[in-house]
Amino acid sequence: MYEILKKTILNPTVARMEIAAPLVAKKAEPGQFIILRVDEGGERIPLTVADFDREKGTVTIIYQIVGATTMALNQLEEGDCLHDFVGPLGTPSHTEGLKKVAVIGGGVGCAIAFPVAKKLHEQGTEVHSIVGFRNKDLVILEEEFSAVSDKMVMMTDDGSYGTKGLVTNALKELLDAGEQYDEVIAIGPLIMMKFVAKLTKEYGVKTIVSMNPIMIDGTGMCGGCRLSVGGQVKFACVDGPDFDGHEVDFDEAMERATMYKEFERHQYDEACNLFQKEVR
Amino acid sequence: MPNMSLTKNPMPVQEPDVRNHNFEEVALGYTKEQAVDEANRCLHCKHKPCVAGCPVAIDIPEFIAKIKEEDFEGAYQIISKSSSLPAVCGRVCPQETQCESKCVRGVKGEPVAIGRLERFVADYHMANCKAAPVKPESNGHKVAVIGAGPSGLTCAGDLAKAGYEVTVFEALHTAGGVLVYGIPQFRLPKEIVQREIDTLKEIGVKVETNMVIGKVLSIDELFEDGFEAIFIGSGAGLPRFMNIPGENLKGVYSANEFLTRVNLMKAYREGSATPIQHAKKVAVVGGGNVAMDAARCAKRLGAEEVSIVYRRSEAEMPARLEEVEHAKEEGIVFRVLNNPTEILGTEDGFVKGMRCVRMELGEPDASGRRRPVEIPDSEYVLDVDCVIMSIGTSPNPLIRNTTKGLDTNRHGCIITEDESGQTSREGVYAGGDAVTGAATVILAMGAGKHAAKAIDEYIQAKK
Ligand SMILES: Cc1cc2nc3c(=O)[nH]c(=O)nc-3n(C[C@H](O)[C@H](O)[C@H](O)COP(=O)(O)OP(=O)(O)OC[C@H]3O[C@@H](n4cnc5c(N)ncnc54)[C@H](O)[C@@H]3O)c2cc1C
Ligand SMILES: Cc1cc2nc3c(=O)[nH]c(=O)nc-3n(C[C@H](O)[C@H](O)[C@H](O)COP(=O)(O)OP(=O)(O)OC[C@H]3O[C@@H](n4cnc5c(N)ncnc54)[C@H](O)[C@@H]3O)c2cc1C
Ligand code: SF4
Ligand code: SF4
Ligand code: FES
Ligand SMILES: [Mg+2]
């Protein structure tokens, strides 16, 4: 059993938990993820290692409440335990040798992007962060990102905070202004990553995206997380989740993510009734 | 007076049209009377040909003799000298190619139903023998076992009985390996596997789930943690795909994914948290036990039509005879000598059909089986909304990629010296599907037993 040591609400649908998981904390690197089950009989869901403390033996996760399992997770409080918590899974993000990088986070994707930005900053890489949210209420990790960024751009879709527009607008501006990046790292909704990759391809800038297909085991055993990358089949849980954004077939990935939409909606409604709570 | 009936006592089963709507066990097991009657078919041959057909050499005529005397617990004691999972093997061994294939009664008529008798004895023991297992005194030596499938569990059990402090590290959240994530409830109730694991715990085996070795801890770290020897029983869990167009459409599963969702994650149960597609027309590609299990699960989830699509003929199918028979009874359609070439999708990315080509058998290939060759211009489209790829698995690369000096062959299987399971790394032993590629429960169990013996000798010699 894995105890929740700390829980912080970040915005109406996003929260952060610090979990006691010494063995995971010992090995975790930015870019890796864990798989958890909230309770016995629960579904297995992957969440990124948002932070870790090797000394304290803790791993931080940040989750957005989007459906039944994340809602069940959010019912737990400090002192409660998760039934299962396995990791670190996946391949760590490659950061060696990078001198200047643009890190782009969209929505809860910022939680995934942050540990990478932090590691880059700590190793002396110049980090330009572009973070985007739908509106001001949904902003998370602003301070954390500023602390590790040499330049930081805040975007909201509706202009209620920072600059109005999409992260791609901000990236284009920086590129047009002559910024030279060794790499762009883009993490967020598939549609965002698709358009960032499209843009950077025009500019010839290498782009890494973090893919989040539906997973079960996370060890390469089921093939459910497969993607087409450069015309080849890859298992995101072991070969990724980071991939070359110019090679990924985003349209296929977007299709595959909707596989269980109906079931998920039903489960979500049931969970809402169960917890008698209106989220969103 | 031997029973000279040419046929086995039939196994009582759930009616096909009832059972293909539920996940309860199909075969119900012999009654005492049936077991004794069947035991009386055994001629107690002096040269025991049947024993040679059993990979772990259970003394078959001896245990059957005890059944004749109605000393069922005595029969169990004889079996348990050679096998630690009789309730499992009695259910899932391919008896027709093993013990029963060598039985003299099979020369004219059917062989003695050795597997069914083994199952009867094991079930009898579980239901009637309440003696709690005794925890042996520790000899102070620590051994790690990777993977809680039949090979790992057997190795752990034998070592624990010899006094070792054994910890089993399992990647998934439940121990049991293929016995819990692959083979369905209706063929092997999970309670049976759980009981075996509980027994191991009672004799002192520690089972640590959620431990992906190679990620959480490496083999080298296990040695640093004080384990003196390590057994790798990590199975062959990496699914193969055909690499044909359309394989990434929604509704195409590997058998591993489909069965994991159904069995391990209990997606068949009302109210399960794990989703599964409830397809109407399903094609399962392949002809092994895995394919039969996937097909029968799909049927039970409510599919109207489920087909096995296999490129060779029925004679070449690697599945157990009983599984093929049961599948047919349950209404699974067998489309043999058919090979998929493409999966077709709807506009929104779901499967809507599978293009197949008809095959015929040509000259024998490397496997000794006649090679299937395409019949020109024989393409057609099979109307399906779900395709389950069940064309084989290979060992997961996680361990070999993170363990220096561990030799593997070109199929990714760990190379062992001989049946001891000794690998190219000192103190590291391996067995089961991780070594042989996908094989059988009994072979995996046997490998675990041999390795336990070798590990014991290795550690004793070090002292
Ligand atoms: C490697 C990886 C890292 C991730 N990191 C984070 C993170 O740090 N924070 C965060 O909020 N989310 C993260 N996700 C997404 C998260 O796993 C899903 O939001 C979660 O599984 C939804 O579960 P649910 O039951 O609440 O919602 P549901 O209503 O069941 O699903 C909502 C959507 O989430 C996706 N999803 C559903 N089940 C799974 C599954 N088993 N695996 C992956 N995606 C699924 C699907 O696209 C689905 O349409 C990550 C996903 C992956 C693959
Ligand atoms: C659907 C299906 C039906 C079958 N039907 C039959 C049948 O009827 N009769 C028969 O004899 N055989 C059958 N088989 C084959 C049989 O189940 C296997 O040969 C047998 O289970 C192999 O045992 P094992 O211990 O080597 O590996 P497995 O049973 O595969 O167990 C390996 C275990 O190791 C774990 N693991 C893997 N990697 C790691 C890691 N890095 N760290 C920690 N743990 C790890 C896995 O999660 C798994 O639990 C079937 C197989 C399948 C898939
Ligand atoms: S273990 Fe398998 S092969 Fe051996 S006697 Fe039992 S059923 Fe036959
Ligand atoms: S070969 Fe058949 S009849 Fe002879 S001892 Fe074995 S089970 Fe009995
Ligand atoms: S989640 Fe099963 S192979 Fe990746
Ligand atoms: Mg869900």
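Every residue gets a Cβ built from N, Cα and C, even glycine.
TrEMBL annotations:
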type	residues	note
DOMAIN	A:1-95	domain 'FAD-binding FR-type'
BINDING	A:I62, A:Y63, A:Q64	FAD binding site
BINDING	A:C222, A:C225, A:C237	[2Fe-2S] cluster binding site
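Shown on the structure are the features that TrEMBL records.
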| residue | record | DSSP class |
| --- | --- | --- |
| A:I62 | FAD binding site | strand |
| A:C222 | [2Fe-2S] cluster binding site | coil |
| A:C237 | [2Fe-2S] cluster binding site | helix |
Distance-selected binding-site residues near ligand 5 (C-beta under 6 Å), from A:I62, A:Y63, A:Q64, A:C222, A:C225, A:C237: A:C222, A:C225, A:C237
Filtered A:I62, A:Y63, A:Q64, A:C225, A:C237 - binding-site residues with C-beta under 8 A from chain B: none
Structural state census, the domain 'FAD-binding FR-type' (A:1-95) (DSSP three-state): 14 helix, 44 strand, 37 coil
Euclidean distance between Cα atoms of A:C237 ([2Fe-2S] cluster binding site) and A:Q64 (FAD binding site), Å: 20
Nonlocal neighbours by CB distance (under 8 Å) for A:C225 ([2Fe-2S] cluster binding site), same chain, sequence gap 6 or more: A:P213, A:I214, A:M215, A:I216, A:G218, A:F235, A:A236, A:C237
Distance, A:I62 (FAD binding site) to A:C222 ([2Fe-2S] cluster binding site) (CA atoms, angstrom): 25
Entry from the binding-site residues list A:I62, A:C237 having the most other CB atoms no farther than 10 A: A:C237
Cβ-centroid neighbours of FAD site A:I62, A:Y63, A:Q64, 8 Å, sequence order: A:L10, A:V14, A:A15, A:R16, A:L47, A:I61, A:I65, A:T70, A:V108, A:A111
Binding-site residues close to ligand 1 - of A:Y63, A:Q64, A:C222, only those whose C-beta is under 6 Å away: A:Y63, A:Q64
Position of peak Cβ density within 10 Å, selected from the binding-site residues A:Y63, A:C222: A:C222
Local confidence of the domain 'FAD-binding FR-type' (A:1-95) - pLDDT mean: 95
